[in-house]
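Swiss-Prot annotations:
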COILED    49-343  coiled coil
CROSSLNK  K111  ubiquitin cross-link
CROSSLNK  K139  ubiquitin cross-link
CROSSLNK  K270  SUMO cross-link
CROSSLNK  K270  ubiquitin cross-link
CROSSLNK  K276  ubiquitin cross-link
CROSSLNK  K278  ubiquitin cross-link
CROSSLNK  K285  ubiquitin cross-link
CROSSLNK  K295  ubiquitin cross-link
CROSSLNK  K302  ubiquitin cross-link
CROSSLNK  K314  ubiquitin cross-link
CROSSLNK  K319  ubiquitin cross-link
CROSSLNK  K392  ubiquitin cross-link
REGION    1-197  region 'Required for interaction with and ubiquitination by MARCHF2'
REGION    150-250  region 'Interaction with TANK'
Amino acid sequence: MSRHLWKNQLSEMVQPSGGPAEDQDMLGEESSLGKPAMLHLPSEQGTPETLQRCLEENQELRDAIRQSNQMLRERCEELLHFQVSQREEKEFLMCKFQEARKLVERLSLEKLDLRRQREQALEDLEHLKKCQQQMAEDKASVKAQVTSLLGELQESQSRLEAATKERQTLEGRIRAVSEQVRQLESEREVLQQQHSVQVDQLRMQNQSVEAALRMERQAASEEKRKLAQLQAAYHQLFQDYDSHIKSSKGMQLEDLRQQLQQAEEALVAKQELIDKLKEEAEQHKIVMETVPVLKAQADIYKADFQAERHAREKLVERKELLQEQLEQLQREFNKLKVGCHESARIEDMRKRHVETSQPPLLPAPAHHSFHLALSNQRRSPPEEPPDFCCPKCQYQAPDMDTLQIHVMECIE
């Protein structure tokens, strides 16, 4: 209501003056307000010059009033435009305030989502640590099995050396028996009738020796079969261990890479959004200073931005920690591969030595088994000397001990 009355007063103020009567009234009012009544003269003293001067002054006053009315109209229009602009600016600020509130809510939801993702990443990390501990335990058990197999290999090699020495002893005895056979061949025809009983006894002893040799050969074949079973079990264990390590580490590395990539993409998108919002906040900083509510919301948004930056720094540190753990796992995996390759090389060397070795023979009495030794010497071809060769650098060793020492140094 007061605004309507004020507009009516303004419209009355800006109305143009009517005529001379109104001019005289205005002059009278001016004189009543304290101004000197210069034009209020008695009629008997009026002259044309005085009347002309009064008319000129009246015209000047009318022009001044018209100019003042024009200025009042312009000021009124400016005031109306200012009110409209203030109303539009208020609506614009309210719209921006609603947008900022929605944006803060959306950022809060994204913050909760990132917090859940971080918790999931922590759970995955705990699972990875447990898997790593399990792998370390499996590695220790496999190392213990490899150590036991190496001990069995060394024991087999020592047995092989003992059998080689026994074979050399038997060869010497065979040579001595051959000499005795040549000496006894000359006497055989003379003593054949006298020693028929002894020949029967020797034949029986020969049969017993052959039975003992067959039992020894069966025992040697059984040991070979057990050794082959151990080799097959070791090879299968190595394959299972290798496949288990490859599958588990491949899946873990792929999951870690995907999680890291997702976290990086989320951080990049969040940083772009934060930069964009920061630019908009800088642009509307002057406008927001006039509105206390928006200023409080901006302070809240700034606190959220600082929290998001702190969370982003923590995520970056977490990413670096995961990257270091990934590199450590890769180094351990490479060490395991190198150890497996070395074990495979030792196994190949052991297989070569087992294939080149011969089954041991039992020593037989010289005076009871010369017929059997002579027949074996005639049937069997001459044996080749053992090949003590390094499988890596082809080094020719004089004996098995030297070859073992060289192989360990060559592998290291």
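Just so it is clear, glycine is given a Cβ too, placed from its N, Cα and C backbone atoms.
Using a 10 Å radius centred on the Cβ of K276 (ubiquitin cross-link) and all shown protein chains, the other Cβ atoms total 10. Considering only the recorded sites K111, K276, K392, the residue whose Cα is spatially closest to the Cα of K319 (ubiquitin cross-link) is K111. Neighbour counts of Cβ atoms within 10 Å were taken for the recorded sites K139, K270, K302, K319; the minimum is at K302. K111 (ubiquitin cross-link) carries a helical DSSP state (H, G or I).
Distances between the Cα of K302 (ubiquitin cross-link) and those of the recorded sites K111, K139, K278 are shortest for K278. Put simply, of the recorded sites K278, K314, K392, the one whose Cα is nearest the Cα of K139 (ubiquitin cross-link) is K392. Here the candidates are the recorded sites K111, K270, K276, K278, K314. The one whose C-alpha lies nearest to that of K392 (ubiquitin cross-link) is K314. It is K111 that, of the recorded sites K111, K314, has its Cβ surrounded by the most other Cβ atoms within 10 Å. According to DSSP, K314 (ubiquitin cross-link) sits within a helical segment.
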